[in-house]
Number of protein chains: 2
Amino acid sequence: MPKPKVFEKPSGVKDYLPKTVARLRRIEIQVLACMEQWGYRQIMTPTLEYYDTVGVTSSTSDKRLFKLLDHRGTTLVLRSDMTAPIARVVSSLLKDEPLPIRLAYHANVFRAFEEEAGRDAEFFQTGVELVGDASADADAEVIALATAALQAAGISEFKLALGHQGLLNGLLRESLEGQEEAQDQLKQCLLARDYVGYRYFIRNMGVPPEIQNKLEAILELRGGKEVCEKVASYTQDEETRAAVHNLCEIWEALEAYGVSDRMLIDLTMIGHFSYYTGMVFEAYSAQSGFPVASGGRYDNLLQRFERPAPATGFALKTTRILEILGPSVKEDEKRVLLVYDAAHRREAYARASELRSRQGYVVETYRADARETPEIEHTADGKASWSGRVYDEIVLMTDAARGGMGR
Amino acid sequence: MPKPKVFEKPSGVKDYLPKTVARLRRIEIQVLACMEQWGYRQIMTPTLEYYDTVGVTSSTSDKRLFKLLDHRGTTLVLRSDMTAPIARVVSSLLKDEPLPIRLAYHANVFRAFEEEAGRDAEFFQTGVELVGDASADADAEVIALATAALQAAGISEFKLALGHQGLLNGLLRESLEGQEEAQDQLKQCLLARDYVGYRYFIRNMGVPPEIQNKLEAILELRGGKEVCEKVASYTQDEETRAAVHNLCEIWEALEAYGVSDRMLIDLTMIGHFSYYTGMVFEAYSAQSGFPVASGGRYDNLLQRFERPAPATGFALKTTRILEILGPSVKEDEKRVLLVYDAAHRREAYARASELRSRQGYVVETYRADARETPEIEHTADGKASWSGRVYDEIVLMTDAARGGMGR
């Protein structure tokens, strides 16, 4: 196997240069400030977790986990999401804190991908978890916060698709009682958005025509409030009817938040995470084919950490948002270069210090004697260029400059 | 081997709860803003690097690197510092950018430790690299910036010890020409601050008394400007004299920066990193036995990434600074809880939205009907407690509250 070349980095990971970092930082700060206003307090968890605790509990498939061994031979993973680590913290360090608990995070997460897929192996997520509130209002809160967070990130045009894992599971269970494998196969089709495959499968599975029709009708369950009402007629099962009621309640709360006009109910939507139990949602921006946020309710995860509690949350796909946002508006920054010689050193440092104390000033210093000093060039827009770099002002503090400070 | 329990995390890594995160964030933002004012632009590099590029170039000993394999079987490492990754970026993505290049970072780095040592396996560093400036003024700049950054982080009482790898190496080489092993052994003693061992070793190595005296005298080379002058008499070697001259020049520049009263020259100080070639320094706070910052000149590292250039830099030990700083002053924050029922939902959400738009307001909402509502208790300092949590104000928007909003 050839050695990687000195300038190479592993596939799927990135360097972020200053302009990109400035944009990422702005998104991060604005989104976290928004979450903070809704009562979500920021936490940080380690990059490394035990495979046997957070690793197996996370929804990431085993082959996508980055694994390594610690010095005792115990398997560690690089965290693949923040939901499982936060469940661990809620159940340990925060175990005496009363529910509901609202937590926010901005973190890098890791997923090993096949090289060909060209997808990120390390990327940023900014999200929240609301633990200990089973109400429809709690679900509506995280969806409404997701829309506020996307706006804070600078995304204004987006739509949200709202599904319901419990409702979909109920409809499939009712129609295909005892046929778990068939249920799973249909869910796989929906997850892959393979509606042709879905239709083909139900026509060839040997179920009565009325069941076929019912299963096909799931594909049509898309729209607004009317879907809530329509789907009620599809089911007699009590558990499923409770899920319908829950979906209708969430919709009403979303109307109260004033965000329902961005929403589309889509019962074919399946959350990518196996731990979802109730509502699931994804946000799509006009500028990207991929979701820019996703979330859902997961009422069974916390019990795996021995503090059973309902929970709901979402994560912005911050790295993707960074890619679709244009360059940020340059801040009001004034870059100054002070070029000095030995005789003016003290004076130059004092001047630099004074300028740096002013709002928006960035000051570099350069000692010019005893080495070649590049020429200052003046640019068309009134700036000064020196050694290929552009400054708002270049101040010469050298004996050579004689009469003092030129520009 | 027993499985880790569900609430456990790997040894040497930490969860940061909201109060600690708020302090860490404040340090991070203030320090990066300070570095930005000095012209250092922030970059981010991946957590994972190739072992054969950044791994072997970093100064971290092999057994302290966290290693894992990618899907092709190539060895990856979790970055153990930011100096080698930044050298990689300067030599690749930034290869067309003219020198000097000033870069800043805030990053988590990883070092595998023996469990018994109880040291952090993942911790934060906030630092800068100044690439492409060999002058003494560049070294003084990073030292002066380190003092400004420590102050920005909230550390006011600290001292800096200044050594010189090139000068020390020169003195040892002159005295023990050709005896590389003996030189290394003496350096090991100095690194471990084992002055007894150092003295014992030079007395038993069979060198003439005048060499013995000279080597012993190195231990006394501590102090201010006078050390610069004194050490000049110790050497005839041209290279070593150049190092003396460099140290004196750095001192003069530090005087011009007005930071020399915090400094102590200590030629027995050895940088922990094998790549240091010139000045090295460490900062010590009154509140900690460990250094809170360290840095130095490394003129040979960049050539390993095929863009030969002199370089100097430092890193704050941000996790340690976080530990020694007291809790930060609470910001002017007003926490409000709105408790509502179905009939007041829309009104409650509108109120929450309006309050969140005000500076410093944090607003949580709680739907209270159809579940048990805890009692509101009033605390002595005029706040309201509800379900074990304290708010500045609790607003009841329910039919039960009748006459409307109580406190």
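Cβ coordinates come from backbone N, Cα and C, glycine included.
According to TrEMBL, the feature domain 'Aminoacyl-transfer RNA synthetases class-II family profile' maps to B:36-325.
With a 10 A radius on its CB, B:Arg111 (L-histidine binding site) counts 19 other CB atoms from all the protein chains. The L-histidine binding site annotation in TrEMBL covers B:Asp81, B:Met82, B:Thr83, B:Arg111, B:Gln125, B:Glu129, B:Tyr275, B:Tyr276.
Taking the binding-site residues B:Met82, B:Gln125, B:Tyr275, B:Tyr276 in turn and counting surrounding C-beta atoms within 10 angstroms, the largest count is reached at B:Met82. Neighbour counts were taken as the number of other C-beta atoms within 10 angstroms of each residue's C-beta; across the binding-site residues B:Asp81, B:Glu129, the minimum falls on B:Asp81.
Taking the Cβ of B:Thr83 (L-histidine binding site) as centre and 10 Å as the limit, one finds 27 other Cβ atoms among all the protein chains shown.
When secondary structure is read from DSSP and collapsed to three states, B:Thr83 (L-histidine binding site) falls in the helix class. Secondary structure at B:Glu129 (L-histidine binding site), as computed by DSSP, is strand.
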